């Protein structure tokens with residue numbers, strides 16, 4: 001019980017706390033405030049240690065007594081009734097920063113006595129370990145009423161364990177003056193019932209568990225993310241995307257070292273995605289998996305598997321996003337790494353329809369990182385890079401492997417819908433030199449207008465059967481032969497589509513001729529710009545990449561011929577097997593990097 005007793009005109013007060021906390025014994029605490037009187041009703045000029053003669057004023061102590069049934073009497077520091085009335089003492093708070101009061105288990109008790117004053121300073125009341133309730137009448141309300149009794153300065157000092165262990169050697173600063181609190185720590189009504197517990201403050205009340213509404217798939221995703229985080233790898237599936245203006249390029253890593261435990265824990269939609277992507281070579285009407293480009297037995301981020309290369313037209317992007325929503329892809333991943341202009345264009349659609357966030361990456365950064373990685377791992381035991389030997393002689397021209405172990409510096413020509421030309425001096429040091437809007441998109445668009453074809457494959461197939469000299473005006477059409485002064489051969493193109501000014505020529509050409517002339521026009525323009533950039537940058541290796549070169553042997557041989565002929569053998573045109581997928585590979589590598597950074 002916490003009791004406040006005043007005296008001396010309200011200037012003096014004593015606060016006592018009595019209760020049971022230690023093995024059926026009664027623990028009592030008192031705090032006294034200095035005032036004008038030495039006791040409640042008057043006395044010496046100042047407060048001393050409670051019950052200690054000649055003690056210095058202000059050197060107050062906090063004492064704890066333990067009174068049990070077997071105890072024969074009480075020390076001089078104990079004032080009040082010895083049976084049923086509790087214990088009361090007066091103490092002044094000395095100036096000190098902390099309070100720690102321990103009981104040395106007198107009379108069989110155990111645990112730590114914690115003062116309510118210290119607990120109140122921290123905003124709560126705590127209690128030491130409790131055992132059996134005390135016998136009736138020991139500090140409860142059924143016994144004699146508690147009262148404050150003035151302490152005689154001349155009383156003898158007791159030497160009980162309570163007096164020794166109750167001595168506080170440091171003390172503490174008194175808390176701000178607050179209205180008196182009444183705290184009862186004993187049983188009510190003198191019964192054997194357990195003592196009442198103080199109600200906990202709201203912030204200490206046990207909080208009910210929040211209801212869980214997550215689906216099993218989301219719980220599994222969380223568990224897999226936690227497991228993957230410990231291994232510094234992202235959760236499956238692993239994708240990288242390059243969303244271009246004409247084509248979407250997608251790379252997918254299929255793990256081949258799945259353990260029995262992983263397969264058992266694998267959620268159904270993850271199995272469905274893996275099976276769908278790896279068991280088909282066509283997806284819908286336009287999606288294609290380039291099986292011949294698959295990289296096998298590859299180790300990525302500590303896992304062994306195969307890397308698959310998939311493409312589909314950008315116009316089918318909304319169908320792809322819808323499929324991701326139907327397969328509940330967001331339960332496996334919340335973020336996809338994507339590069340290319342479409343990563344910005346379709347960002348909102350991914351978020352609204354499929355509940356997926358796109359991590360947008362720079363396409364030129366991804367291009368370089370992906371190219372260097374694929375070249376470093378090789379193409380299933382073969383070199384990734386190659387060139388054409390004897391490009392000026394169609395009969396002797398053949399494909400040869402090229403070692404790109406030391407690639408710097410190189411001129412990188414990315415031939416997609418448009419063209420970008422980069423001068424690369426190291427892995428992280430490059431610049432965009434120039435570009436042109438006349439690229440693969442131009443070729444396909446003109447072919448669709450001129451020939452009625454609908455796909456890139458159709459346009460290339462028609463071009464392979466056509467003759468561009470029926471459409472273009474050549475040097476020999478102007479000079480009647482070579483222009484020897486400047487080394488121009490009569491077969492060189494003087495004017496692309498120059499013969500189409502003549503109605504007679506227009507009536508005699510075929511759609512295949514138009515497709516071939518369109519391909520030669522675009523290719524010659526790119527080759528001319530690349531050669532000038534290589535000369536300006538003083539670089540002798542020109543690497544051509546991009547989906548404009550996919551299954552496009554005509555353009556590759558034309559570029560090889562142009563580089564070799566116009567540079568008199570000083571420039572070498574280089575090509576790569578995975579022409580247009582390097583941006584998507586770079587996006588996949590960024591997925592691993594994001595996990596490492598975390």
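Glycine is treated like the rest: Cβ placed from N, Cα and C.
The following features are taken from Swiss-Prot:
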| type | residues | note |
| --- | --- | --- |
| ACT_SITE | 363 | active site, proton acceptor |
| BINDING | 417, 420, 432 | acetyl-CoA binding site |
| COMPBIAS | 38-49 | compositional bias 'Gly residues' |
| MOD_RES | 215 | phosphoserine |
| REGION | 32-161 | region 'Disordered' |
| MOTIF | 218-235 | motif 'Nucleolar localization signal' |
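Over the motif 'Nucleolar localization signal' (218-235) the predicted model carries a mean pLDDT of 57. Look at residue 417 (acetyl-CoA binding site): DSSP puts it in coil. Close to residue 432 (acetyl-CoA binding site) in the fold, though at least 6 residues off in sequence, lie 364, 420, 421, 422, each with a CB less than 8 Å from its CB. Across the structure, the residue listed as 'active site, proton acceptor' and residue 417 (acetyl-CoA binding site) are spaced 13 Å apart at their Cα atoms.
Across the residues annotated as binding acetyl-CoA (417, 420, 432), the widest Cα-Cα separation comes to 17 Å. In the three-state DSSP scheme, residue 363 (active site, proton acceptor) falls into the helix class. For residue 417 (acetyl-CoA binding site), the same-chain residues lying six or more positions away in sequence with a CB closer than 8 A to its CB are 244, 245, 246, 439, 440, 441. The recorded positions listed here are 363, 420; among them, 363 has the most other Cβ atoms within 10 Å of its own Cβ. Secondary structure from DSSP puts residue 432 (acetyl-CoA binding site) in a beta strand.
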